[in-house]
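Trainee: Below: one structure in structure tokens.
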Amino acid sequence: MPPPPGPAAALGTALLLLLLASESSHTVLLRAREAAQFLRPRQRRAYQVFEEAKQGHLERECVEEVCSKEEAREVFENDPETEYFYPRYQECMRKYGRPEEKNPDFAKCVQNLPDQCTPNPCDKKGTHICQDLMGNFFCVCTDGWGGRLCDKDVNECVQKNGGCSQVCHNKPGSFQCACHSGFSLASDGQTCQDIDECTDSDTCGDARCKNLPGSYSCLCDEGYTYSSKEKTCQDVDECQQDRCEQTCVNSPGSYTCHCDGRGGLKLSPDMDTCEDILPCVPFSMAKSVKSLYLGRMFSGTPVIRLRFKRLQPTRLLAEFDFRTFDPEGVLFFAGGRSDSTWIVLGLRAGRLELQLRYNGVGRITSSGPTINHGMWQTISVEELERNLVIKVNKDAVMKIAVAGELFQLERGLYHLNLTVGGIPFKESELVQPINPRLDGCMRSWNWLNGEDSAIQETVKANTKMQCFSVTERGSFFPGNGFATYRLNYTRTSLDVGTETTWEVKVVARIRPATDTGVLLALVGDDDVVPISVALVDYHSTKKLKKQLVVLAVEDVALALMEIKVCDSQEHTVTVSLREGEATLEVDGTKGQSEVSTAQLQERLDTLKTHLQGSVHTYVGGLPEVSVISAPVTAFYRGCMTLEVNGKILDLDTASYKHSDITSHSCPPVEHATP
């Protein structure tokens, strides 16, 4: 039967139980690596009974008396522990004296030498537990530490970023996951979740907030840029970026380019550059060199002046072919001074009229068929001994008795003045006033048996004196001029006292040659354009190429309507403006409004103010106004007749008309030959 354990063994057992109790009260969970370290196979000492025996041998052999290395070998029974123990044993004797001196510190020093974990050689911060081995020890490291003494920090971020979804920060013995700006760390401590900054209404202020992964963006409509300082969308001035080839106008969130319409330019498809306005419908513009156009001089002055001198008394004989759609005007004058003897052959209401004055006595006679039908007919005037005979197509339509001769004797010669397309004196000096302007054509003329050959040469040299070879009814605008009128659009109703009402109603029948041009416009004395009706080939706000008719007050489009402007057909454009109403129709189809009810009322109030002042009516174009004063400033090219407030506009009655505009005739569309 073995002997009972000694005091040292009992003390060791108690310490072991205390350690186990302590460990059990604080559960320690080791990672797999630590557990493997702790359970790692090693050369263990003998069972506890032998450990206790060894401690007793050590007490007897080396504490109570001095032991040699061989005696120590007998205690430990192995070289590693002996090699570890004996040098330190000698150190204990040097420090605390030999055994026989009975120094308690010496006994304690020797008794602790076999436990290589006392004092603990492992790093205190990084060690979970120190294992005593034969002449050695093993440090079991806590998470985040490594190395023999557990004093080396393990960089967990090296492998798979430490499990962090974004940022891994290594720390002594540990690590921490972090997130980029705009993300927050989830409850698992590893995953980063996007922060939706747009949930805060103040994030972008007036702008739209768009959440992005880890960020956000403040968005503005096109034409605006975001100011982070003021948190507002601010207008971009595109005109500072030289986007337009010619004139640029900035507007909130947008801009518009304008081209010199009067110079024959319009916007290109890119809506920034300019291009020429070119015809899309060909008109038959051929002229006849054998014809004489009577309507070239809008002033009413004659286009031809002849003076005949004869030695012998001579009678007038005139014959010519004539064609017109014009109901009124002067064909020719023959005679002397206004207060002497003369005749004027003209048209009134489409029929021939002869005004004559002999010896201060004036008469008027009119007879014959209506001849302003646009077809050629031969007209002749023959002075007989006591009569004037006028024939149409060889048929006498007038025979007038006269007392005197048209050729007047002066200084020994017989004189006769002859003017074509006008009179040589004021209209007021006629027997009855007549509008002398005549859009008519003459050919095969014969004045006094062909003694006027110089006229033919003059006409050949000047195309403006020549007529279109073929014409139709209407007015032709060549694209380089306009006509003006002084019209009144307001009236005071007697039924309602002094209240002034106003109305602008326009009916335009057009056959355009180009897709851009002003049909009609009102212009104030300050060059403001209160109203304009025009053809345009783009939608200004949508910046889209499209053939349209636009109705505008100043530079604001009230209504738009599509039109097939290049189809060679006649179209009817109807415009009506009055209190609370603005309509545009093309061929009976109503156009689309471009303004709100409030904006319309504001524009109509502005128009009313202009109409109560001085306005001029322009047809076919605009004067030299700013290119931004109206949506279109280009001249109209094509055929057109106009009716304003129920009255047909006769271009012969205009205040001014460009000489290239033909008042009552228009060349036909030139159809391609198969």
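Note that Cβ sites are derived from N, Cα and C of the backbone, with glycine treated the same way.
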Trainee: Swiss-Prot has Asp326, Glu328, Arg437 binding Ca(2+). Which one of Asp105, Asp115, Asp650, Asp652 is in the same site?
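Mentor: Among the candidates, Swiss-Prot records only Asp652 at this Ca(2+) site.
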Trainee: Which cysteine out of Cys192, Cys198, Cys218 is the one Swiss-Prot pairs with Cys204 in a disulfide?
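Mentor: Its disulfide partner, as Swiss-Prot records it, is Cys218.
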Trainee: Can you tell which of Cys117, Cys141 is bonded to Cys130 by a disulfide, based on Swiss-Prot?
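Mentor: Disulfide partner per Swiss-Prot record: Cys117.
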Trainee: Could you tell me the C-alpha distance between Cys139 (disulfide bond) and Asp652 (Ca(2+) binding site) in angstrom, no decimals?
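Mentor: Their Cα atoms are separated by 119 Å.
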Trainee: Could you find out if DSSP has Cys198 (disulfide bond) as helix, strand or coil?
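Mentor: In the DSSP reduction, Cys198 (disulfide bond) maps to helix.
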Trainee: Through the lens of DSSP with three states only, how would you label Cys218 (disulfide bond)?
Mentor: strand
Trainee: Cβ distance under 8 Å to Cys150 (disulfide bond), same chain, sequence separation 6 or more: which residues?
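Mentor: Result: Cys122, Asp123, Lys125, Gly126, Thr127, His128, Cys139, Val140, Cys141, Thr142.
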Trainee: Using DSSP, what's the helix, strand and coil tally for the domain 'EGF-like 1' (113-151)?
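Mentor: Computed counts for the domain 'EGF-like 1' (113-151) are 0 helix, 15 strand, 24 coil.
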Trainee: Between Cys218 (disulfide bond) and Cys209 (disulfide bond), what is the CA-CA distance rounded to a whole number of Å?
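Mentor: Here the two Cα atoms lie 5 Å apart.
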Trainee: Other than Asp326, Glu328, Arg437, Asp652 themselves, what residues in this chain have Cβ atoms within 8 Å of the centroid of the Ca(2+) site's Cβ atoms?
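Mentor: So the additional residues around the site are Gly295, Pro327, Gly329, Leu347, Asn435, Pro436, Leu438, Asp439, Asp650, Thr653, Ser663, His664.
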Trainee: To the nearest Å, how far is the Cα of Glu328 (Ca(2+) binding site) from the Cα of Cys198 (disulfide bond)?
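Mentor: Cα-Cα, rounded: 77 Å.
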Trainee: Can you check how the pLDDT averages out over the domain 'EGF-like 1' (113-151)?
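Mentor: Averaged over the domain 'EGF-like 1' (113-151), the predicted model reaches a pLDDT of 83.
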